[in-house]
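Trainee: Here's the feature list from TrEMBL:
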DOMAIN    110-267  domain 'Fido'
ACT_SITE  His198  active site
BINDING   Asp202, Gly203, Asn204, Gly205, Arg206, Met207, Ser208, Arg209, Tyr240, Tyr241  ATP binding site
Amino acid sequence: MNSFLNDRLLNMNVPMRIVRLIGKINEYKGKQDLYNQQSPQILESLKKVAVIESTKASNEIEGIKIEYKRLHDIINKGKPVNLENRSEGEIMGYKEVLNLIHTSAAHIPIKPSVILQLHGELYKFVPTEGRHWKSSDNFIQETLPDGSKFMRFKPVSAFMTPDAIEKLCNLTNESIKNNEIDPLILTGAFVLDFLCIHPFDDGNGRMSRLLTLLLLYKFGYEVGRFISLEKIIEKNKEEYYNTLYLSSQKWHSSEHILLPWIEYMLGVIVSAYREFENRVGNLENTKGSKSYRVENSINHFIGPFTKNDIRKACPDVGESTINRVLSKLREENIITATGKGRNAKWTIIN
């Protein structure tokens with residue numbers, strides 16, 4: 001809540017580089033309806049890929065990993081008869097909350113009881129009980145190379161957490177109602193404050209990314225439906241943690257500097273929109289059959305590539321088509337494989 005106190009956001013001096021990022025994002029946003037009208041089938045394919053990539057990346061940031069085929073089965077086939085371990089349960093929970101936000105963002109209010117409910121859904125498939133605030137104080141620490149611990153941040157105490165979340169939601173809703181703060185800056189401020197409160201014993205990072213999507217959808221920025229913001233964050237994880245550290249210093253006294261975190265978040269959104277345009281443009285402009293498009297994507301790879309690379313380049317192409325093209329090119333001595341099965345890497349023969 002400290003980012004919203006004393007009209008900090010209203011009085012914040014915003015440098016021109018951030019103004020330009022906001023302008024670029026709004027320019028991309030203005031094209032969304034055009035893509036929805038012209039390319040509904042392509043967008044549906046991108047949605048399916050984004051759910052998989054978002055679920056995978058957001059959990060991997062927290063050290064929760066699962067092999068791709070199993071992830072694909074869990075997400076696309078619904079709840080398996082038996083989720084085999086805690087990691088699969090947490091992944092299933094993230095997918096469920098992500099789908100809820102995708103379908104119902106406009107009807108999900110920003111208030112403590114809803115945040116608790118979403119957290120409960122996140123942990124619905126694991127023994128850990130969600131839907132309650134942290135039971136004891138938590139600390140954000142980093143282990144240095146010599147094994148010593150470095151305190152990155154001390155969040156709000158467990159005792160003060162319910163009140164802090166209540167204030168954050170009230171101040172956020174008041175700011176939305178007054179419509180005086182740019183919604184992208186407001187979203188960044190809310191997420192920073194949420195992470196500084198760190199209201200749960202577990203799942204704070206994943207909840208922060210889900211709430212980021214929720215707010216962006218409420219403000220009409222829908223790129224997260226088609227391109228995984230979580231994947232972009234996971235690729236730049238070090239910068240994510242560094243900017244979070246910079247902007248959280250002196251947060252308790254409301255003297256913190258929001259700009260590093262805001263600029264990072266805006267950069268993630270710009271990257272997502274840029275990738276969105278590239279993917280839609282490539283899918284629209286590539287002529288010929290799906291087999292032709294798979295071959296075309298292979299010809300543009302530099303160095304070894306995997307089937308997963310092809311899936312990302314051609315998200316609407318099925319597994320059987322990809323396998324058929326790979327077999328054909330191998331028989332023609334155009335490509336060769338190293339390894340077998342899902343670990344195989346392919347290389348173009350010069």
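Quick reminder: no glycine exception, Cβ is built from N, Cα and C everywhere.
Source: prediction; values computed, not measured.
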Trainee: So how far apart do the ATP binders Asp202, Gly203, Asn204, Gly205, Arg206, Met207, Ser208, Arg209, Tyr240, Tyr241 get, largest Cα to Cα in Å?
Mentor: 19
Trainee: Taking Asn204, Ser208 as the binding-site residues to compare, which has the smallest set of other Cβ atoms within 10 Å?
Mentor: Ser208
Trainee: What are the sequence-distant neighbours of the residue listed as 'active site', meaning same chain, six or more residues apart, C-beta distance under 8 angstroms?
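Mentor: For the residue listed as 'active site', the qualifying residues are Lys134, Asn138, Ile140, Pro155, Val156, Asn204.
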Trainee: Determine the Cβ neighbour count for Arg206 (ATP binding site): the number of other Cβ atoms within 10 Å of its Cβ.
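Mentor: If we count other Cβ atoms within 10 Å of Arg206 (ATP binding site), we arrive at 24.
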Trainee: For a quick check of packing: other C-beta atoms within 10 Å of the C-beta of Asp202 (ATP binding site), how many?
Mentor: 17
Trainee: Are there any residues at least 6 positions away along the chain from Tyr240 (ATP binding site) with a Cβ closer than 8 Å to its Cβ? List them or say none.
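Mentor: Result: Ile61, Ile233, Tyr264.
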